[in-house]
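Only one structure is covered here, and it is reproduced in the block below.
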Amino acid sequence: MFKLTNLVKSNVLSGLVRNGFTQTSSGVHKLPDLPYDFNALEPTISAEIMQLHYTKHHAAYVTNLNIAEEKLAEALSKNDVATAISLGPALRFNGGGHINHSIFWQNLSPNGGGQPEGLLLDSIKSSFGSFDNLKSLMNAAAVGVQGSGWAWLGYNPVNKNLQVASCPNQDPLQATTGLIPLLGIDVWEHAYYLQYKNVRPDYVKAIWNVINWRDVGDRLSKVKA
């Protein structure tokens, strides 16, 4: 008889484990603590945007991921193939939303901006020629997303280089491309519209002022260790 156990090891769910997301003792995903106040990233990102983004949007992904996983567990217990397969989009969307935002909050800092240093800067120069080239590629990827999605700086574990990529909606980078996420720029409208209206390029240009290069560098160091 066909067994569904391996579905629990799907790329989205295993991505949650690889990225170290916390769960309660009962295995329920929870909203991570925000490492700064809602107004800490002003004037780049307003307190109103941060509060809505974190307490409404990210919280909804966590809630709906837990619901989808409960349904998956029930389907697994019954070996219900059809139901398990039908949950794939919900797991991908909400699991991806949880992965992406948990990284995003750490990628930002009120003390951010400036330029990367050390191993990260060396890797950027090796992969892109210069930091300015990386910024240009990231900006183009972020502005070029049609509709909602993300632009990413990722690490390619095969060729050991850094790469820029974009993903639609909440598709998680590693599950979609194989790249390990280091830095993400959220270009869903809820991330910027209240402040920047429909001028996404202004938001993308401004967000570099709050990028937490220490966090990005730490992520690279961990995957290269």
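Yeah, the Cβs are placed from backbone N, Cα and C, and that goes for glycine too.
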Mn(2+) site partner of His53, Asp186, His190 (as recorded in TrEMBL), chosen from His98, His101: His101
Taken over the domain 'Manganese/iron superoxide dismutase N-terminal' (29-109), the model's mean pLDDT: 96
Fewest Cβ neighbours within 10 Å, where candidates are the binding-site residues His53, His101, His190: His190
Nonlocal neighbours by CB distance (under 8 Å) for Asp186 (Mn(2+) binding site), same chain, sequence gap 6 or more: Asn100, His101, Phe104, Trp150
Helix-strand-coil residue split for the domain 'Manganese/iron superoxide dismutase C-terminal' (117-218), DSSP-based: 54 helix, 22 strand, 26 coil
Residues in the domain 'Manganese/iron superoxide dismutase N-terminal' (29-109) grouped by DSSP into helix, strand and remaining coil: 58 helix, 2 strand, 21 coil
